[in-house]
Amino acid sequence: MLWDALTLQLGYNATLVAIGATLLGFAAGVTGTFLFLRKRALVSDAISHATLPGVCIAFMVMVALGGDGRNLPGLLAGSALSAWVGLLCINGLTRRTRLAEDAAIGAVLSVFFGFGVVLLTVIQTMGVGRQAGLEGFLLGSTAGMLFADALIIAVGGAATVLLVMILRRPMLMVAFDAEYAAATGVPVHRVDLAMMGLVMAVTVIGLKIVGLILIVALLIIPPVTARFWSDRADRVVLLSGIAGGLAGYLGAAVSASAPNLPTGPIIVLISFALFALSLLLAPARGVLAAVLRHRRFQRRVHVRQGLLALAQGQEVYEPYTRRLLRRAGLMRADGVATEAGRARAAKALRDERRWGLVRADQTHEAAAAQYDGLRDIETVLTRDQIDEIDRRIGPPHEVRA
Amino acid sequence: MSGEEFVPLSLTPLLIGICAAVACALPGNFLLLRRQALIGDAISHVVLPGIVVAFLLTGVISTWPMMLGAAGAAAVAVILIEAIRRLGRIEPGAAMGVVFTTMFAAGVLLLEQTDTSSVHLDVEHALYGNLESLIWLDATGWASLLDPKALAGLPPELPRIAVTLLAVALFIGLFWRPLKISTFDEGFARTIGIRTGALGLALVLVAAISAVAAFDAVGSIIVIAMFICPPAAARMMTNRLEAQIGWSVLFAVLSAVIGYVLAGYGPLWLGWADAVSAAGMIATVSGVILVLAAAFGPCRGRAGAPGTG
Amino acid sequence: MVELAAKQGVRPTDPSVQASPLAIRGLTVSYNQKPAVFSVDMTVQLGSMTAIIGPNGAGKSTLLKAALGIVRPVSGQVTVFGRPLEKQRARIAYVPQRASVDWDFPTRVIDVVLMGLSRELGLLGRVRMRHIAKAMDCLNRVGMHDFADRQIGQLSGGQQQRVFLARALAQDADLYLLDEPFAGVDAATEKAIIAVLKSLKQAGKTVVAVHHDLATVTDYFDHVFLINTRKLAAGPVDEAFTAETLQATYGGRLATAQIDQIAGALG
């Protein structure tokens, strides 16, 4: 069953949903990366919650005009409109008042959503039996999706990806350094608005599949996941798109393979699984790698401090330092350096003297900047340069610049 | 309106709404100043998985297991956010987004997987609450307030949220000085021996407790709105923390009262038959108050210069 | 000679450590596996005014924050008047960098100074007239008593710095640690601050400040501590603040002409 779903053999509708979810995931992952790099990830949460009043008003207007309240393009247009108003409110609150952005986000999110709920109850009392389905926008519902709806999602997703590709340079510049971007003539404010417009587009498209509460997960989790794997912004954008698309595809397939597996939550949970794996296992930024690196680093600090103390005939007091030195065979239990310890200590001390000269010498400025107490001098200077310094050191008392 | 009608039908929901609003607004002041306003958003999202897990474990819908489950979920969320933020070196907003959406998704999935059709447990209830239904059937009028028998029939949500409000107020009163100092200048606070890490965690946990207690009665939306809107509006009224707290309490009470009245009677004035969601209306009113404060508040501009908007 | 090597071996019970208001041994602090401060020893003389000097990013503020327990070191020990830091909190006052707090915070000048009395006030102690009087006196000493009721966001940079100093004065400490107290302040403030610091020294207190202006070191301070990740030199100004030690500390980052000028001023 799952295999059938993964290979898109579960019928027409499931296939459409899977394709739509994949495109949506990719578009959301790519768009969300710019938001994440701009450190405004949670703006998407406000945007998505702010769609609710728009959906309700659009429904009421369409019913009042005698049409079908559930017309998807109409509802999406309404949601886009009220999300836009919400966005303007966030901008107004942060620019015109002393409120920080997080407070503005929270205020818009809760007030718009609260107003949306009021409107939902109004619709319930309107006595039209057709409101069923509006609640579906909260958590998404792909069951009984029409071909036309799926087409809208697929086309919308593809259009968003295209727009992101066109706008990616200015958006990256603004996300990296808004002031610099402004200085080079990038219209920062307009780029920001375009970024928000794209986020809004993704939100509106995603309403039907994952719902307004969970769509923000697709905008936030894939970028955070991708960030673990690369330090280059363009790669993060691509990886994030792939992570989002993968989650969308797998989520839609898993959800179609059995009953009671709602699409939205499944997509989010798969997205999170990818994130958790990255958090733990990513080679450079992952937790496991960081823990190992820190332990190694701490050992190096203690050993080096211990060696320098030994070199000057001082006693080593920190218990951890003593333990490390003894374990490495550099020090005896009574605190006296071994043969190997004395050799290493002498080398450490000599390196310190060399560094002292290098750091006081203007011609070695670039090398001196590398100093952090641990770095081996051989990694920043050539053999010849070190020999030259050693000649200048000579006997220890002639330390002169 | 007469006491015979008001006391049984409106007094208790109104009091519960007020207590819930104030219990959330109080810690909200500090969260706002610490740039942690969205913690309330995160906490209120994870309440759902908390109560679902509690239901799965106990098999019954009863208050205490559900409150414990919700509080547990809030604690787990706070710890996860902090862990992801530190371990992954991710900015707090994104870390929050990862955690609360995932936990909410897990809650929805669990709910779909289990047979809860026989019990009253659904997503919508978690979001909107059901303030209107918390009526006091044993009351016959104002005299019932002195009648022990009638008082025994009070909806249990009222004493619960009242006790929570008291506890929150006590916490803030007791730790007023350290809270204020560590919010203003964390480095200095540490040098005079304040355990800023523990205090910050305690504040978030207190916020979580008020969120859970309020959620039980009024749903998630009010919780987020009350954490942020009254303190944010109060911020524009004054440049003193003491006064800001006072304003925020006033705004919270106003939101609850006006919101409840508008939800219950507003539609009647418009000629409609039925009331609308009180929780949603309270959130809406708090937003209107915020907009008014942002437009006219004497201290709405940055750096405290009055009237430079 | 410039002291280049670590000195892990000073016995914690050494009398010089016992008497010192602030003694640091083998301190290493790192951000993201890059030491900002590496294996530093520091012994501050009782009753001295010590300037911590070094180029940007040399670990000056980090050293101070580690001494106060605000950042956690990879290794090393800190003692204050011969006892562990935690037991001596009441004897230390700290003046952080101005930029480290949100000046839009809803509070008045007098409230900030009263924060300096919080150990005295305890958790629930009421602010009484004598506390207010003491806070006003501290404001008076920095020339800010007319601003007691102002919201802190309305102050200029120099005024903010003076309020921070007044808060430290209210703590009645024996050891004052200041992080760049003269950064971005006006000339009047700089004068006012140095006058207060000198009066503290007169009263037998010890002052340690991160300082960035080499030209004023000899006027303001009697001891220096030169750091650039490692400790490069320390001691009385006339011994440790020389062209040679500055060259070792700043390396290529300080023009030779500048060093000659300062050394010339030193005579």
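Numbering starts at 1 and runs along the chain as it is shown here.
The backbone N, Cα and C atoms fix where each Cβ goes, glycine too.
Nobody curates TrEMBL annotations by hand; they come from automatic prediction.
The transmembrane segment annotation in TrEMBL covers B:6-26 (among others).
Under the heading transmembrane segment, TrEMBL lists B:38-57 (among others).
Within the same chain, residues 39, 42-43, 46-47, 49-55, 57, 92, 95-96, 99-100, 103, 156, 160, 201, 204-205, 208-209, 211-213, 215-216 sit at least 6 positions outside the transmembrane segment (B:63-81) and bring their C-beta atoms closer than 8 Å to a C-beta of that stretch. Sequence annotations record features per position, and here TrEMBL assigns transmembrane segment to B:63-81 (among others).
Long-range neighbours of the transmembrane segment (B:93-111) within the same chain, counting only residues 6 or more positions beyond its ends whose Cβ lies under 8 Å from a Cβ of the stretch, are 38-39, 41-42, 45-46, 48-50, 52-53, 56, 73, 76-77, 80-82, 84-85, 121-123. The annotation transmembrane segment is assigned in TrEMBL to B:93-111 (among others).
The feature transmembrane segment is assigned by TrEMBL to B:158-176 (among others).
For B:197-215 (among others), the entry in TrEMBL reads transmembrane segment.
Taken from TrEMBL, the feature transmembrane segment applies to B:221-238 (among others).
Long-range neighbours of the transmembrane segment (B:245-263) within the same chain, counting only residues 6 or more positions beyond its ends whose Cβ lies under 8 Å from a Cβ of the stretch, are 10, 13-14, 17-18, 20-22, 24-26, 28-29, 131-132, 172, 225-226, 229-231, 233-234, 237-238, 275-278, 280-286, 289, 293. Feature annotation from TrEMBL assigns transmembrane segment to B:245-263 (among others).
Marked as transmembrane segment by TrEMBL: B:275-296 (among others).
Remote same-chain partners of the transmembrane segment (B:158-176), defined as residues 6 or more beyond its termini with a Cβ less than 8 Å from a stretch Cβ, comprise 12, 15-16, 19-20, 22-23, 26-27, 30, 63, 134, 199, 202, 206, 209-210, 213-214, 216-217, 245. If you look at the transmembrane segment (B:38-57) against the transmembrane segment (B:275-296), you find fewer than three C-beta pairs under 8 angstroms, all six or more positions apart, and that falls short of contact. Cβ atoms under 8 Å from those of the transmembrane segment (B:221-238) belong to residues 17, 20-21, 24-25, 27-29, 31-32, 37, 39-41, 43-44, 127-129, 207, 211, 214-215, 244-252, 255, 279-280, 282-283, 286-287, 289-290, 292-294, 297-300 of the same chain, restricted to positions at least 6 beyond its ends.
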